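Taken from TrEMBL, the feature active site, proton acceptor covers A:451. Summarising the annotation, TrEMBL assigns FAD binding site to A:159, A:198. For A:155-265, the entry in TrEMBL reads domain 'Acyl-CoA oxidase/dehydrogenase middle'. Here TrEMBL flags A:302-466 as domain 'Acyl-CoA oxidase C-alpha1'. The domain 'Acyl-CoA oxidase C-terminal' annotation in TrEMBL covers A:510-686.
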């Protein structure tokens, strides 16, 4: 069977450049092209190639990606690049099903280039644009059109200076005035200023602004969203009553203008209330779409789930790029070796394999998971579009909410830790800005915070799981959900009696072993969390106290372990599906088992404590299995990163280039920096204005 | 007993500003002044206060610390600030004993202000200066004088583009030419260019340069160090034959000019060989101070130990500052709360306590440890100065080498993870550059890499421990060392039979409990590492392979656990010494036990696996004890950071100011950024040069 796919893919691939990476490439156990085709599909491959080629050919994208620019200049450049993406017309919204997957793909391509561009684009089109669509109604379609034409530029303004996580405490108000049929948007003080709003700093003309809705009778109807004009599109000057500004430098994504705004009695038309959850009549009567206020809020904040799922993909591409750089570096960087022989690539060291290869596995496993969540989301949106409001649709929404709330923490933390490990694994060269690991880390970092702080989000997932054990639901069907992520819990009393039966490395290399261990672990954590919560309740504590005192070591761990198990389960099933070419099964299976065991090994203490493991051998064998898989995968590692690596132009890392000419690329890049060999312009400060040691001592 | 120390400390303290932090300060169980006096000593307190006051009053230190400056400007400013430190004459080398402790204290003060200044200063004076002193001889004192007067400016050039960790493979050569009595320093190619040399980029006039020494007979005598002039102090232009340049932007410390250099047959006088390890006669005969080549190398690289110990202190002050910011933020940031009541500070949440308070404990425990290592080093230097070359001195040197090699990884990783946790614990506001957590993280990051990559350094410590079990040493006395850090291993066969006897939280809160567990753990790891290594050897593997395949899960874990135990042991002893005021014992004891248990809890899997723990209760109680200590410490947390926090001017973080006016400080800082409310200069790019969507589609 020919490992390289045949005709019909012309122009899709070029051979990797010859060089120091040849040796590893030759040792790969599979065809990278075949894997790439299977992994992405030809359609997506072509699309990504088109996007990358356009960027590479366009001089606007040739220059700096920020670090050496002033904030003003970097923001201008990011805006111009974002505008250029519209000019290329990479996407069309004619086919909504297609665009639901293609828009993220485009954004990930832009983000691989530079997240300042990617986030700017996503906030305008996918966050602002889709909020108009999902929170509003037909009367707001006029805005959607302007979004697509870039006649207006949007932002999403929920967070305030003093409130982020506790959205219910948002203090911006929207009082309805029936005499003019307007809402009056107002910030009571600077602590209620909208804060951390991407695109708001310099560019947004309009925002979806969240505020507490008051009717003329003085009643507050809770948080609602409004389209508020912030700047005049003709002049980009603020609208009357709006004080809007730029928050200044951040740890990363500095091409993105994060901003703040205070509203001083800004009047907007009644129709600019986004009215999916509730509306106000011209006379000032509130009409709720849902009776339950909590359900209204859920609709208002519902678009956050899609944002969280999108972010998991953002983190995946960040991790992938970091792993590409670190693996190629490790395959070409030589240091030490057997006595009297040539130095060996650092990838040959067990330590380096153990530091990097689990993250390579994560880069594959989490990529699949993130894409699968996007398909779940498409199913949910399909139901919404059909106007499906039946119970299963609500259940699906709850399940996806829980999955998204736990997926973002797991994936963003994995990426954060993985990128840091890659940076350190590249030694000093990883610390040089030109090699890009710093930008990847800094641009990835906010994913741990925005669209819901990771630690707080995890509560949503554990709440979802514990709810299945609530007494009132015990009569009905238990542990059933549309996506069946909780089905395994049905048998939890039985599962808790299970024990790991193996003793050897081979027993752990059986791909069902980590899955079985995870199943036991989640059941164990569910039970102990339930016991903890019940015990706290029995001691007379308030709901608030019960939750507060059950997070650490209980609910938090439960949510993460549940999510890890879901990820492991999905990839396990995926690599065994008939669609997988037989020649790829071995390598994908190894990635699957390595990720599963490595991830599981964080929980070994609980496996022992709860009795699932016993004796020294079980734990030793688990560790040996991880090292064994690392050794098995190290010769495939370069080919595996070739599959997920963007072109060199996009990856933009001298030590990570596909030609593997580590030293030459690095030396060349360093010499190309501006003024690198020039004497400092302030040289006289050393040689002319000489210091007199202690001359200022009297000033002390 | 008056908690506030009485007379004699006038002017040393001022009351903390009144404000939102009052409530926590009032609840503290101890007097911060008393703790500060005990912790630092009056002398150091006065010294630090003098340094901080001078910086605060001096306009040169008032401006930006970098993020918004060009590389050129930031480097100029850092150089000027470094020069100004000499003008203040904060230190004198008249009293060498005092200066050994005072110089680090001064550098840590500068580093708290900005590590670009601190590192620049340290590289010139402490690294370059002390290398001249410790690697050279009397004939090099002329350089030391010029260092102190800043007539020359120094750097330390060991690493090359292609070699860092494997110093033996350094490829710069120094051929001796007897006809002119000169060494010819030469870089064979760009891969042998000196690389990553701090101060070399723009400012250094001289370097301690490491090269392979060749005598005229063609013999190579291994790595030696030379004083090489790089630039003309009058013009700051490179010397003939030297190509020297700046490496460009890094992930942090961008005021420091890291550089590279290639030498093209650069001739230097014979006397500029730093000749402590060996010398060359005018005729070209090599004379070794030590017969053993390995011992010569050890002397050449010996100064790295002091560098590593210095770095542990660097990491400690970084962690301390991050913890100060995050704790003050957490004590004033309110979010959610019991139903119907005012929102509560996030520090009241168990999750936030668990995320931050162990790092607060680490900030104290590791500070003490770092200082104690410095005292060990002073003892070693004392012996060197007395010309002591007896066996105990060599043993002390080996022990300190091992301690330094494991301390740097432990402390730099703890700081790296702690700062990241602080950044995330401050949510979005932690991501805003002005709040400084990004700079702390980025400036701290290279500590994981320079002066020896953490992962590689750990091998030195495990090798030290395993050597005690080598057969040839079994006849003599085992597990004895000058600092007695390994004495507990003497009883390791007995220790391995011990078991944790407790079941309750109280059993873990007994401060001897974590220490006993650590003692067992290190014995267990020593035994299993020894078994692993022996087993690998028996299977016929080479030394190289044996080491390579025993790092992960064995030698690496052994080195870290040994170091953690040493840290825990020293603090445990310290807080029980008679010098501790009775009123401080409770709080210091809690910090001690929290750090010990939290650190130990990373190893729970091994404790179970090896049988030290059994049953669910032991592990549950360990977790409960950690949470219990967090709850006990949360009311002391603000006072504890008051003790270690530098003045607001130095800490330089709106959300971390001592007045606790979180929102006001943040709002004020954001509004003070330049052009914050101004329209973007490129506004016409939106409103005039409008994009035509899809207009470039044909170019795809």
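Backbone N, Cα and C define each Cβ position, glycine as well.
Computed from a predicted structure; not experimentally measured.
Locations of recorded TrEMBL features on the structure.
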{"residue": "A:159", "record": "FAD binding site", "Cβ neighbours (10 Å)": "21"}
{"residue": "A:198", "record": "FAD binding site", "Cβ neighbours (10 Å)": "26"}
{"residue": "A:451", "record": "active site, proton acceptor", "Cβ neighbours (10 Å)": "23"}
Practice problem: Write out which of the listed recorded positions, namely A:159, A:198, A:451, lie with a C-beta under 8 A from a C-beta of chain B, sequence order kept, or 'none'. | Solution: A:159
Quiz item: Over the domain 'Acyl-CoA oxidase/dehydrogenase middle' (A:155-265), what is the model's average pLDDT?
Solution: 96
Quiz item: For the domain 'Acyl-CoA oxidase/dehydrogenase middle' (A:155-265), what are the DSSP-based totals of helix, strand and coil residues?
Solution: 6 helix, 52 strand, 53 coil
Quiz item: Reported as an integer number of Å, what is the Cα distance between residue A:159 (FAD binding site) and residue A:451 (active site, proton acceptor)?
Solution: 10
Practice problem: Please classify the secondary structure at the residue listed as 'active site, proton acceptor' using three-state DSSP. | Solution: coil
